[in-house]
Amino acid sequence: MEKRPEDTRVVVGMSGGVDSSVAALLLKEQGYDVIGIFMKNWDDTDENGFCTATEDYEDVIRVCNQIGIPYYAVNFEKQYWEKVFQYFLDEYKAGRTPNPDVMCNKEIKFKAFLDHALSLGADYLATGHYARVDRSAGTVRMLRGLDENKDQTYFLNQLNQEQLSKVMFPIGDLQKSRVREIAKEAELATAAKKDSTGICFIGERNFKTFLSQYLPAQPGDMMTMDGEVKGRHDGLMYYTIGQRHGLGIGGSGEPWFAVGKDLEKNILYVDQGFHNPLLYSDKITATNVSWTRPGLMDGGEMTCTAKFRYRQEDHKVTVKMTGDDEAEVIFDGQVRAVTPGQAVVFYDGEECLGGGTIDDVYKDGTKLWYV
């Protein structure tokens, strides 16, 4: 039998934003024994000595005092550097475009932080993610958040059954607008705070400037597949497949896009047209493939839908396992700007089945020059 809410301890991962604030408020109102914990993953003191983490923690303290729950801060900077940031740099070095949010959820929020919560006697860890868990069928299923525009299952695709069984997403069945309303009605300190955007450790800083502090940039030629030089690039790591902005190629006709990379020769390939054939593919290989519940791939093959980037529409695919955590994903048609390093995430209707990392990209049986 399930424990009563008042006998159930829930640790809420609080970021200082409105979503996690409302998650904590709702759980408290439902009678749970709630503890708010702020995670510090990155020392983001800027040149002027200003640290957004300090400001965020102050917001967490204000909200927890308003709700009437205890709060703590916990530091995971070392784990974050080793598991997330190092991975981020390694992927860029390899010419790929990583997704640090996926790795942060897998290694920090729902591993290191979850373990910490359980060590405090917590029954569950709750976060302000827009996703849902369905416990009705014996196994736990992860479902998309009801607010389609805010659904965050894409970033949670690596969570396994063990993690999902200990997780709560209190705002997953709410629209973002309703979350703001609840915060305003309760007069929470974060009710009007704007949402954070971009990669957490870069914040509002310029991406190129930030990355160049850690990886030396190697400028090189920008050219067409026919070998016509169109200019210079600042370093392959700054460009992603399908990118239009920042190429600096003038002239008439359709806009120019990054369509390929040659890491050995340090060449960025460019061509014109949003629907340029060079931007389309029909198959990928994926690594680090994991599933949200056991038995999904017992047959070794499955037809489902997939997303290749956040907020993209779903595409019909066939997934074939080629190793323990490796798969071949064949598209039903062609998809634009599928990018190595990004997440491929699998769905069956509302359910998120799991996902992996896009490795090689193919078209008509030929591997594309995407890294």
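Cβ atoms are placed via backbone N, Cα and C, with glycine included.
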One of M39, M103 listed by Swiss-Prot as binding ATP at the site of G13, M14, S15, G16, G17, V18, D19, S20, G128:
M39
Show me the subset of S15, G17, M39, C104, C200, Q342 whose Cα is within 10 Å of H129 (site 'Interaction with tRNA'); these are the recorded positions I mean.
none
Among G13, G17, the binding-site residues in question, whose Cβ has the most other Cβ atoms within 10 Å in this structure?
G13
Neighbourhood of M39 (ATP binding site), C-beta criterion under 8 angstroms, separation at least six:
G13, S15, A73, V74, N75, F76, I108, K109, F113
Which three-state DSSP class does Q342 (site 'Interaction with tRNA') fall into?
coil
